[in-house]
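Asks: From TrEMBL, here are the annotated features:
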- 41-62: transmembrane segment (TRANSMEM)
- 42-447: domain 'Ammonium transporter AmtB-like' (DOMAIN)
- 74-92: transmembrane segment (TRANSMEM)
- 131-152: transmembrane segment (TRANSMEM)
- 159-182: transmembrane segment (TRANSMEM)
- 194-212: transmembrane segment (TRANSMEM)
- 233-251: transmembrane segment (TRANSMEM)
- 263-284: transmembrane segment (TRANSMEM)
- 291-309: transmembrane segment (TRANSMEM)
- 315-334: transmembrane segment (TRANSMEM)
- 346-368: transmembrane segment (TRANSMEM)
- 403-421: transmembrane segment (TRANSMEM)
Amino acid sequence: MDSSELSGLPYIPLAPYNGKGATGGDPLTDDLNVWYQSGDIAFMIIATALVLFMVPGVGFFYSGLARRKSALSLIWLSVMSAAVTTFQWFFWGYSLTFSRGANAYIGDLAHFGLNAVLARPSIGSNRIPDLLFALYQGMFSCVTVALATGAVAERGRMLPCVIFMFIWATVIYDPIACWTWNPNGWSNKMGGLDFAGGTPVHIASGSAALAYSMMLGKRRGHGTHELNYRPHNVTHIVMGTVFLWVGWFGFNAGSALSANMRAIMAAVVTNLAAGVGGITWCLLDYRLERKWSTVGFCSGVVAGLVAITPGSGYVPAWAAVPSGILGAAVANYATKLKFLLRIDDALDIFAVHAVGGLVGNICTALFASSHIARLDGVSVIKGGWVDHNWLQLPIQLADSFTGGAYSFVGTCAILFVLNLVPGLHLRAEEGCEVLGMDDAEIGEFAYDYVEERREVLGEVMGGGEGDTGSLFSIADRRALYSSSPLSAREKEGIPMVDYRMYGVGQAS
């Protein structure tokens, strides 16, 4: 096309930023939109929605891995974490993480309640405004908290966990995210490379999950036939994996903070690492069982996604293959660590996220390339080993182990104090654990088998059809369950094949 044809296009050139004040100007007298490309704004809003989409993905993934009598509680925790963390981010989380007056570890409260957060170019990129950057980064906090709280699976109480969400986001996530992504943070200044959350999201959440599992103690029957069960709903696992896989495009590609070539490369390596990771884990499981495990494939996809996250905006396309393979393989073998540590990490969060995140940070040190970072037109880095920057590996390791240790120790301290507060004891009573967290803590159920069981047991207790009033007391249900011959069989580890429709037994 010649210049005359180009001049006829409805294109509005980007105006250089010349706003005034902390908010960027007065919307009553100034058009605050002229400093940003509408394409960048649209791209980031879509990326924000995709990251939020990952939260129910985490819930369904965790729910499918657990037993059916606690399935809904894990979905509830995931969506509740989004609500609690969204408020925390508005309240002071964003300010503690991304305020311009931050020190090397934590920000100040200049943006408390999103004060003075509007149209000024963001601290992350001058291509999007403060308010959009705050919205997008808030979703990262939501996903991180959702990942960590899966550790309460099948034996943790809901109320202490909800309070833990707010405290953990403030004390653990915000400082780690600050030192990683805030220009004033010590890791950022040192040259640490973490494009989308290897340490703040995955290593932090995985280490926190390990600490939460340790503080809660082992589930009832751990190490016996009682807990020798398969994931109760593989369809939930697949659905959760798909949600995560799709949402991860917003997670990684969106971290370019504008619609550019760097975002495209991040999307390419994200998808490639996920596929390679799924194949790798599936093959490793097939080697042992000669079965093409769906759960194994889904676990590998997530491990591959975790491993590529920190390097997704730094590495070339080919690097996604070794990153996906190493992430899935190392995470697969890391699932055995919980037996060595004698900690009941029910959903293998530490293995997939903390160990996978560590592998990702190491791969970033090996494969990061300055010419990939420069695809956004502005970023300048020294690169990793492929660019002969040998010091990048110790920098990555220092960031990884500092973040993991801080999250683990800090989480233990938070939970120790919470457990001392009257009414906030972390662990559910044994009778509630037998009933399942859905019945004991939520009062609603993922499947209507529970209502069928109530009707049957109601008739056994002498009530008429549909008369289940005597069963609504947890104490009554616990007593009935403990005196039932079904409970005796379950305690002996005998499969309850004849009673699975009522959700009782080994497969419940």
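In case you wondered, yes, glycine gets a Cβ from its N, Cα and C as well.
TrEMBL does not curate its annotations; it predicts them automatically.
Give me the local environment of each listed feature.
Replies: Counting only same-chain residues 6+ beyond the ends of the transmembrane segment (159-182), those with a CB under 8 A from a CB of the stretch are 77, 80-81, 84-85, 87-89, 92-93, 96-99, 102, 104-107, 123-124, 137, 140-141, 144-145, 148-149, 152, 188, 192, 194, 199-200, 204, 208, 212, 399, 403, 406-407, 410-411, 414-415, 418-419, 423-426.
Residues 140, 143-145, 147-152, 156, 164, 168, 172-173, 176-177, 180-181, 187, 251-252, 255, 266, 306, 309-314, 341, 343, 345, 347, 349-358, 360-361, 364, 399-400, 403-409, 411-412, 415 of the same chain lie 6 or more positions beyond the ends of the transmembrane segment (194-212) yet place their CB under 8 Å from a CB of it.
Using a Cβ-Cβ cut-off under 8 Å and counting only residues 6 or more beyond its ends in the same chain, the transmembrane segment (233-251) has close neighbours at 46-54, 56-65, 68, 71, 140, 143, 196-197, 267, 270-271, 274, 294-295, 298, 301-302, 305, 309.
The list of residues near the transmembrane segment (403-421) in space but at least 6 beyond its ends in sequence, with Cβ under 8 angstroms from a Cβ of it, reads 148, 160, 163-164, 167-168, 171-172, 175-176, 180, 199-200, 203-208, 210-212, 214-215, 354, 358.
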Asks: For the transmembrane segment (263-284) and the transmembrane segment (291-309), check the count of CB pairs under 8 Å (sequence separation 6 or more) and say whether it reaches 3 or more.
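Replies: Judged by the Cβ rule, the two regions touch, with the required three close pairs present.
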Asks: On the 0 to 100 pLDDT scale, where does the domain 'Ammonium transporter AmtB-like' (42-447) sit on average?
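Replies: That stretch averages a pLDDT of 94.
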Asks: Cβ under 8 Å, sequence separation of at least 6 from the ends of the transmembrane segment (291-309): give me the contacting residues as numbers and ranges.
Replies: 61, 65, 195-198, 201-202, 231, 234, 237-238, 240-241, 244-245, 248, 251-252, 269-270, 272-282, 284-285, 315, 320, 323-324, 326-328, 331-332, 348, 352-353, 356-357, 359-360, 363
Asks: Can you tell me which of 41-62, 74-92, 131-152, 346-368 gets the most C-beta pairs within less than 8 Å of the transmembrane segment (315-334)?
Replies: 346-368
Asks: So, taking each listed stretch (74-92, 131-152, 346-368) in turn and counting its Cβ pairs to the transmembrane segment (41-62) that are under 8 angstroms, which one gives the highest count?
Replies: 131-152
